[in-house]
Each structure stands twice: as structure tokens, then as C-alpha cells.
Amino acid sequence: QTQVYGRDRVRFMESLVGGDIAELKPGQGTLTLLTNERGGIVDDLIVTNTSEDHLYVVSNAGCTDKDLAIMRGRVAELQAAGSDVHLEVSDNALLALQGPSMARVLQAGLPDDLAKLSFMNSITTTVFSVPGCRVTRCGYTGEDGVEISVPAGRAVELAERLLGVPEVWPAGLAARDSLRLEAGLCLYGNDIDETTTPAEAGLLWTLGKRRRAAMDFPGAAIIMAQVKEKPKRKRVGLTSGAGAAGPHSPPRVLTSPGTVTSGCPSPSLGKNIAMGYVEAVHSRAGTALTVEVRKKQHPALITKMPFVPTQYYMAK
């Protein structure tokens, strides 16, 4: 978690990502992509325009070192040119409370009305007597949920308070992985990386219209050329009756040239689901392919994502 301060903070952020950060309203955030000059995805970030005169950036923990190196390098360049921008790295913990009971459970410990907080918006508030928390209505599960940025010294206290509610349970990475895969969400390092472009990954919606026209973010020329000419490979969803590999198993190979990047049994659907990359000519939903699982070949079907409808909350 990083805060970006200074009057040039938006210009700084837009020099690294393709999202339209300038259009974000106070308290509103967006998923955006940190790209390299080859159009590859360095990381996926959530950038929020806070009501407290700074940008709040959440990156993947596994990408912290490289993200900070890039951000600090760009800050130094801009400062040397006279720009007003600086970073502060937070030591807050981040707790994700997700699922259909989230709003009722969390509302009991909030002075604010959660019904007014829409998906991808955040507030700074007190959560179950812990002040100085940022509550963002988001989460990588496809369900209605929040991520709570909490001072590190009180994170265990807040976690234990939430776990004291009977319907709140701790969830491990396998549970999180099945949820995000059912929702058709990419996992960095599996489904997207520095060799994958937003066009190939089906993430062009993260590029703002103004930003596409300006082509002023890293790798824009390559990415926009793919938009015009269509990428040669595309990310697709797959369903199969085959025994699915676990979330950290080696990628499975498709007999039609391609690679499976994520796969697991779907608890909600009672079948195996996966996502991966195939040649664009084979990417139409309903196309039958063959996947190799533990050296055996099994039929699979390209399927539209999300596999399970998402439950994001929009305030009325």
C-alpha cells in the first residue's frame, strides 16, 4: 500500500499506467495496469483518488519490490524536472472480508452507512473501535466485499473481532483462488505477467478512452497496434470434466497451441474450470479443445467468463 502526494500525483501515476486516473471522483478507485515499454503487464494495481489529497495505490505483495523501484525511479525523474510528487509506503495490514453476509457483519462495527458505499469506492473510518481504517468496497472474489486497510499494530485485534462473528471464517489461498477463477479474474504471475499484453489478456477495459487516444503510457504503441490488428492469442475460459490441477500446479498444455494458466474444481458449479491462452482463431466460446492433465488428454470447452455471475454492489 502506497500513498502518492503532491500536485503532480495524477500526472505521475498516468505516466506508469493506462487508466484514466484524472477522471476518478474523490473516494473512487479503479483497477489499472502498470505496463512496460513492450506492452507487458508489470502488475495490476488498484488506484484510488482519496478525499484526503493523495492517491492510494494497492499492488500485489509479490510485486512490491519491482513496483516500488519503478515508482521511485519515476518520482526521481519528475522531481528533477521540477514536479511536485512524493511517495509514502504504508505499513498497514490489509484484511479482506468477502461474501453475502459482509455488509451486515461489518455494518455492526461502522459509524458510516455501508449502503451508500458502491463497488470500487472507499472511506476512511473507524472499524469496530479501530480508528484510521480505510474501507474499500472491493476484493478479488467476485462477491460483495471490502478490503480494510488497518494500522498494523491493531490488525490482529480487528481480525479476531471479525472472526468472533459466527458466520465469518478464515479463508486460505485455495478458497480465494477458486472464487477469483469462478469470477474470471486474472492472478498475476499465472494469467498475466510481463510477457502478456492487455489486449491478449482481455483487459483493454482498463485503458481509459482519453489514454488510448493520447498513447502516453508505457508500451502504448504496441498495445494499440494490437487493438487495431487484433492479438494473435487471447485469454479464454475453459470447462472440463477432467481432473483439475491445483492452483499452483504446472500449467497444462492444450493440444490446440496454447497454455492453461489457472485451473481448479469449481465448488459452485461442480465441474472443473480453467483459463488460459489459445490462438485467436480458436478463441470463440463453444469451441472444443483438448487439454493435457497429468499426461492424459481430456476434452474441454471454451466458455464465457465469468463462470459464476459476480455480485458487486452498486449503491442506489
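Every residue gets a Cβ built from N, Cα and C, even glycine.
Taken verbatim from TrEMBL:
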DOMAIN    2-208  domain 'GCVT N-terminal'
BINDING   E147  substrate binding site
REGION    233-262  region 'Disordered'
DOMAIN    233-308  domain 'Aminomethyltransferase C-terminal'
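Of all Cβ atoms in the protein chains displayed, 21 besides its own lie within 10 Å of the Cβ of E147 (substrate binding site). Per-residue confidence over the domain 'GCVT N-terminal' (2-208) averages out at a pLDDT of 97.
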